[in-house]
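Read through the structure below, which is laid out as structure tokens, and then see the notes.
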């Protein structure tokens, strides 16, 4: 390809850059006064106090001393004609000289023609200028966005309440020159190249346009190999098509790469800038920029022959175009520095033009805006009593509902209503004697586009036409006879009219109308404004103030924007965020926070930056008692085999963690420690080589850097863990695999340098030699500790504070932190701007104030607490401001919220440092602690700044005073350097908050015995001193707690042995009632029976028995019972405690022995005697505790067993099946009549002999089957993909089946 065009394109790009610089440079001196030399005729107004136009230049003192209208109301304005289009950069105002008349606020409007005005906007809203406070001072405003116009209009909004409207004004700027081309919708400009193909690596295309229609092509170019570029108006939005060297892509079939803008058919100027470098491009429309990457295979754009502007002409067919042409004006059209319109005006040979003129023709249409949905209306008159009716107009709106037209017909022919209902047009003709007729047409008409409506009626025929499409007629209109009325109400009805004159079954219309025709005659809306035609209320005439509130989209995190005329709304579904603008994450920032919310181990979504730009990431939170591990899986955690790789053809595997690197980095940076286990199995496959050699294997980390060290080693040291420990197989090497042996070996270790994690890729290059094999495994990313949640500082004096760089925020700001204090008041934080500010403070012990000003005036939100906030307990505060609302939340108290104004300042203007713990003036300082401060999801590291700040200390002790209540069931809160933990040593529960029950499943012969002869505490420290409970002195207090579930009665739950004869037994009797047997001595025995219901009902029941001296209380589930022993009763210390079956039955009480016969079949949980937890000791610390377990004790969950199959709890004794059918109404007894005792004895002897014979036979068959089963187990083969744990599960299930079968026999 010829290189000359490429050089030319680069050269023209440089020229275009100089051209843009030149435009910018001219603005430095664009501040000349523009009204000083205007004639009197240049000024006009809505009305004048003198009845004629008055000069109103700044500092004017003659005559009336400026302009004042005849009446001071919201419909007044002052206008000036500057003669030509100029660039306006500033305005200034004064009051009327020598009077009490001045304007305190106003709006600015501008126009090229004196019609179709446009309001000045700034920060995305219609700007409200601050005016004067007296008649003589000058208030000057520099326009942030300069405007180019010929006509300027000042519209007073507020004025001196003790005077009237009065103004003297000045406009500053400079002359403005431009090249303009007018396209009539049937013509175009062609820019033909000097060579066949123009090939560009970079492009800059800029222009301004104003359009009459919603559709039309602005420019187009294409090449024979598929390159094309097209900029096209589609439904009032600009669509850009751009493709580089892809013959498959066609303009007509592909979707646009970028779409920007909205309502661009408003006949106002809009700017466009396209900048492309290779495949990267920026597309800007009216200061809204979208970055994208082009399609195609190369970096060059190859355009053949020509570029067309205004349309896409068909070759060899003059006057024929592929798409709808542009209808409007284009200004300052530059293509890579070439002024296309200037070439056309000078009739250069490169330009071929159709019917294009070089001055912008302006259609004289006058739009009107219906502002208020309750009171806006327009009344126009027509010719009454004509046989028929004809009305037409155009409208645009965002609202689904509104009255468009209401008119009372003559000759009693009824009332005609045209309504927008749910975005559909509904025509209704109502007569008193009949129900009326209806016509429906269209849908989605609240899309902001202009829609034309025409109603034509003559005799009994009615036609409704929408956008040139006639609606279908109702089936029967023969009864209609329509005669035109005198009054036509558009948009709404006045309050003082009767229903017959104007009907409005729906709210008033909010939107714009234009081109109103009645009886085929156009209506002059300027005459309406001047009061000579019709009447109106709450209208803006000669102005369509429609605004797209969804451009830009202020719904964050992918929220979908919808709007009405006055507001916008965000749909946050499926985004993971909530709030008015989808700003607030619904997920927590770490596993530590989930733990603090009382969650247990499971999968969670973690949003590390909260309301920041990063989305949530799914992790597994393993919430245990010591460390809270957060695990992120990737797509290849299994063992992967590698063969055939060498340095020329390396093996590479990329790991995907289900999230972006930015998400993973935020997660890692917020953790105290992170690690990944890496393993390399090798046989004649080297891993790292020598420390100075080229590594054979390496991995890529977060920064896309190569890391030639392995798990267990340090960053920058090309070694494995065995190299640092000097334990490698070959001392000459620093990795086991580098020994290059013929035997399998491995190098395994943890990578824990956070700045390098996670592992994103592994590369292996030494598996291509003879007998060379390797396999690798990279474990998931695992982290623990939250560096942010417990990040706290203590302010020791009220004069101390921390300062940080300014808080960068545009539209949304949220602040979250915890605090605790004993002070009466204090400022938490403050940040200032020139006028704006943001401050949070505790104004009193029960009040928190969020004070904020973004330019619309200060707002104070107050939350009052019914309890004191200076109680030295942790409280949290969340404050937020967005475009929709401002809110303040303290703890779980009701939120204080205020909606934002529909128009006004949106963007924060904050530039000072962020002050935490006080104000910049060092007043109202905060005394106490602040913790976990987050601004817009970003953590503020308070502790690091406190290390270098006097009067502020890192950390804040005393978490247990606030969070100790989280440690439940006897757990003890323990202070830690970071946060706190719950010590469950003396609790029968476990888990982070001692909430997880410890349960076990008992068979009929299971026995758990705890001996009290040796002191024991459920810790790993066996050297603790003995408790007083182990002395011979009897305890004055005793507490016994347990939960049980069974279907067996009678049964023994717990047996506490004091001596050979004295005991305490908790059991269920034959009828399922609870009995407590208390044998204190040979002479003193007590039996307490609680006969509330049959407790052997497969449900979990709780028993709590508490004795304080002679007072005994027993709580059975929710019922409480009290007993009192005699004062002479003597209590002894316990020697042993048995759960389940008591194996040493000698001397056992007969009733207890009967309950013990069948043992206990069921589930026990949360067993505690004083601070001893025998079941916990048996399941968790059997090796260091004085506990003995006989037969099978299976850890389980009583609650889950209730929810699942209750038959899991069973017994082998079918004659007393605890789950058998039983009439609970029938009393049970163990009394046996004496005359049947002998017969029973004989039967028992015969039965015993029979069962002995059966038992011998059963034993024989069982041994035979057992040997057969063992041989089966030896021959059993497992699939290769079944791991050892799965094999154990299979074997366990098979064994259980065999045991059940034998038990049944």
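Just so you know, glycine gets a Cβ as well, placed from its N, Cα and C.
Swiss-Prot annotations:
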SIGNAL    1-24  signal peptide
DOMAIN    180-360  domain 'Laminin G-like 1'
CARBOHYD  282  N-linked glycosylation site
DOMAIN    367-544  domain 'Laminin G-like 2'
CARBOHYD  496  N-linked glycosylation site
DOMAIN    546-583  domain 'EGF-like 1'
CARBOHYD  571  N-linked glycosylation site
DOMAIN    584-790  domain 'Fibrinogen C-terminal'
DOMAIN    957-995  domain 'EGF-like 2'
CARBOHYD  1023  N-linked glycosylation site
CARBOHYD  1057  N-linked glycosylation site
* Would you count the other CB atoms within 10 A of the CB of residue 1057 (N-linked glycosylation site), including those on all shown protein chains? => 23
* **Assigned conformation of residue 496 (N-linked glycosylation site) - DSSP reduced to three states** => coil
* To do: Return the stretch with the most CB pairs under 8 A relative to the domain 'Fibrinogen C-terminal' (584-790), choosing among 180-360, 367-544, 957-995.
  => 957-995
* To do: Tell me, please, if the domain 'Laminin G-like 2' (367-544) and the domain 'EGF-like 2' (957-995) are in contact, taking contact as 3+ Cβ pairs under 8 Å between residues separated by 6 or more positions?
  => no
* **Cα proximity to residue 571 (N-linked glycosylation site), best match among glycosylation sites 282, 496, 1057** => 282
* Asked: Taking a Cβ cut-off under 8 Å, which residues six or more beyond the ends of the domain 'EGF-like 2' (957-995) line up next to it in the same chain?
  -> 592, 595-596, 598, 600, 623-626, 628, 672, 785, 789-790, 820, 872-874, 1017-1019, 1041, 1165-1168, 1171, 1173, 1175-1176, 1180
* Asked: Cα of residue 496 (N-linked glycosylation site) to Cα of residue 1057 (N-linked glycosylation site): how many Å, rounded?
  -> 95
* **Beyond the flanks of the domain 'EGF-like 1' (546-583) by 6 or more, those residues with Cβ under 8 Å of it** => 124, 126, 261-263, 266, 288, 369, 373, 396-399, 448, 510-512, 605, 607, 611, 613, 615-616, 811-812, 814, 880, 882-885, 902
* Asked: Cα-Cα separation of residue 282 (N-linked glycosylation site) and residue 1057 (N-linked glycosylation site), in Å?
  -> 85
* Asked: Of these glycosylation sites, 282, 496, 571, which scores lowest on Cβ atoms within 10 Å?
  -> 496
* Structure fact -> Under a three-state DSSP reduction, the secondary structure at residue 282 (N-linked glycosylation site) is strand
* **Average model confidence [pLDDT] within the domain 'EGF-like 1' (546-583)** => 94
